[in-house]
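Annotated in TrEMBL:
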DOMAIN    15-301  domain 'Sugar phosphate transporter'
TRANSMEM  18-36  transmembrane segment
TRANSMEM  43-63  transmembrane segment
TRANSMEM  83-104  transmembrane segment
TRANSMEM  134-153  transmembrane segment
TRANSMEM  159-182  transmembrane segment
TRANSMEM  194-211  transmembrane segment
TRANSMEM  231-251  transmembrane segment
TRANSMEM  258-279  transmembrane segment
TRANSMEM  285-304  transmembrane segment
């Protein structure tokens, strides 16, 4: 009886963790798009900087004040030799996500971000010469095909936004691959990841944001009909961005890898649906089909990796397929969330 109750509670806890993760993730995406489109605050560097500042403060409060998570001690030398390069790529990833969100619809951006597994595998194969079985390559076909179909049929296509999202996938893949070598020996969770990387990211981004967008923000403040309420929304998006990282920490510890993979792809579908209901961006039938093919491909890709991982661990001498594309470091973006990565 007790085992049955425990099992039911675990299922309920997993479901609740997934729902709250979806809620924070979709809310962050929608609020960011609202900031760019409805508030006419077209300054992605500044929005990213606000997210980094709020996340750095939130991580400090959680670790040092509330003591929800213990601090993972990092050698001072490693902070600059390992954490700083990761933070730099991390910063590029977040900024590119926000830039793409300014120019293209949420549905298109989220679909392109699903291209990350393919870019990760290709980078590992080209640069690091890692071995991948033929089933991994086959599982990428529907992802690539779905992205191509979605891009060709996108009614609100913008070349700059498309390139920003695509390079964001490359930045996410690079961050994931670097994490294995630079962060080797440190078992970071999402909160400690934010604690160490957000301050560096703020330092990297603050000056470019001030130089490139400072005058524009001053003009926006003087012309916007209600700037203070708009600023509250902008800073609220930063608070939500940190809450998203906390929700990721919770969902990772409450679900299995397979469940996380499926839930992550379903989350993209939820984000696409909610964004369409709010912003009503035009979506053609073939565009929706392409998005669906991509998400099915991502789910199939995760299943293949999980299956090969189980086989390699049970059969001695079997060549191990790299686990990078689905490692937890990839799944711990500062603001976004999917392979986001990030917004």
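Cβ from N, Cα, C; glycine included.
Whatever TrEMBL says is automated annotation, not expert-curated.
Averaged across the domain 'Sugar phosphate transporter' (15-301), pLDDT for the predicted model comes to 90. Against the transmembrane segment (83-104), stretch 194-211 has more CB pairs under 8 A than any other of 18-36, 134-153, 194-211, 231-251. Comparing 18-36, 194-211, 231-251, 258-279, 285-304 for CB pairs under 8 angstroms to the transmembrane segment (134-153), the maximum falls on 285-304. Scored on C-beta pairs under 8 angstroms, the neighbour of the transmembrane segment (18-36) with the top count among 43-63, 194-211, 231-251, 258-279, 285-304 is 231-251. Highest Cβ contact count with the transmembrane segment (231-251) among the listed stretches 43-63, 194-211, 285-304 falls to 43-63 (criterion: pairs under 8 Å). Same-chain residues lying 6+ beyond the ends of the transmembrane segment (43-63) with a Cβ under 8 Å from its Cβ atoms: 32, 35-36, 69-71, 91, 94-95, 98-99, 101-102, 191-192, 194-195, 198-199, 201-202, 205-206, 208-209, 212-213, 216-217, 220, 234-235, 237-239, 241-243, 245-246, 334-335.
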